[in-house]
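What follows is a short report on a single structure.
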Amino acid sequence: MASLLLAGGGTAGHVNPLLACSAALLERGHDVTAVGTADGLEADLVPRAGLDLIAIEKVPFPRRPDGAALRFPSRLRAAVKASEAAIDQVKADAVVGFGGYVSTPVYLAARRRGLPIIVHEANAKPGIANKLGARLTTHVAVTFPGTPLRHAQVTGLPLRPELESLAARLRDPEGRAEAGRVAKAQRGWPEDAPVLLVFGGSLGAASLNAALAPAVGTLVSRGIHVIHLTGKGKTEEAYRAQAELPSAQRGMYAVSEYAHDMAAAFAAADAVVCRSGAATVCEIGALGLPALYVPLPHGNGEQALNASAAVEAGAALLVRDDALTPAGLVLHAERMLLDPDEGPRMREATRGIGIADGAARLSDMIEGAL
């Protein structure tokens, strides 16, 4: 069995695939250690998952000719040296990078030590660190077809174990019916109730919340039950909309900041409205759920690219953030949930794009590189 050093951090988009892959590798008997920073999400999530974390300095790539750019070469050299020390500490047989600033020095250190390098890119539009990493190896795993990296092989995204297990159940019609029945019953809802899940990530999405509040009365009047995860500190508008519903319909609109059990929320859902981060798109595709994606309007456009394969396959719809309206949300929800042809067709289309075993596929690539 091998000693593997997994590098990634800063955001959930880098950390969660690392954790999902590490779980699969540990099951196969490998030793796994993570490399990250002391102030990214990994500083909390990695130890909580029971993994050792070696912290090195975060070295952002300079974007303008300023003092940080002048200090960049020396800081990068120090981070590469720290990465080499991490490699020596765990006697690593290979390194696996998931992107983020921390991956760059780890890739360079592994190259200097002659170790196999495996790169995993979550987004359809790769980041700077993984563009560099892909130049140093032939072992490049990507989530989406068409990702512009050399030697790219589509493995999908490593899913959280609880969602990978749920995806396997939902792909079977009987398993889907049973999982939905149980999840809806836990909320006191009928097993045949059409359920719309709306969420914007851990911080919520103001545009989704703003569009849903005026629309929820129409949705519930048409029999649609709604699970609304507003994001931390953003429930006020939703609770006000709930209070304005007829008393008999208030129970059809479930509001909370976030889901303690996201697998149960997905199991209850028949369609989803959300952002299109890489992990979200992959999870929803693997779970076989029709979706309306509203890409985050900031960044370099990667969220729209992440959703493009699902939209082109007919498994999802896409609306620009500034074009989302309450009336449009109702229209798309009815299309996914109440149209007797469209919903089943979209669900069937997910079979061509959803990858539920991304962790196993990436683990196979890693073992093949050893």
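A Cβ is built for glycine as well, from the same backbone N, Cα and C atoms used for every other residue.
Residues or ranges marked as domain 'Glycosyltransferase family 28 N-terminal' by TrEMBL: 5-141. What TrEMBL lists as UDP-N-acetyl-alpha-D-glucosamine binding site is Thr11, Ala12, Gly13, Asn123, Arg160, Ser202, Gln303. Under the heading domain 'Glycosyl transferase family 28 C-terminal', TrEMBL lists 195-349.
Known features from TrEMBL, placed on the structure.
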{"residue": "Thr11", "record": "UDP-N-acetyl-alpha-D-glucosamine binding site", "contacts (Cβ under 8 Å, 6+ apart)": "Gly40, Leu41, Gly100"}
{"residue": "Gly13", "record": "UDP-N-acetyl-alpha-D-glucosamine binding site", "contacts (Cβ under 8 Å, 6+ apart)": "Gly99, Ala122, Asn123, Gly277, Ala278, Ala279"}
{"residue": "Arg160", "record": "UDP-N-acetyl-alpha-D-glucosamine binding site", "contacts (Cβ under 8 Å, 6+ apart)": "Asn16, Leu19, Ala20, Glu283"}
{"residue": "Gln303", "record": "UDP-N-acetyl-alpha-D-glucosamine binding site", "contacts (Cβ under 8 Å, 6+ apart)": "Arg275, Ser276, Gly277, Tyr293, Pro295, Leu296"}
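For the domain 'Glycosyltransferase family 28 N-terminal' (5-141), the DSSP counts in helix, strand and coil order read 65 helix, 25 strand, 47 coil.
DSSP gives Arg160 (UDP-N-acetyl-alpha-D-glucosamine binding site) a coil state; it is part of no helix or strand.
Comparing the binding-site residues Ala12, Asn123 by how many other C-beta atoms lie within 10 angstroms of each C-beta, the top residue is Asn123.
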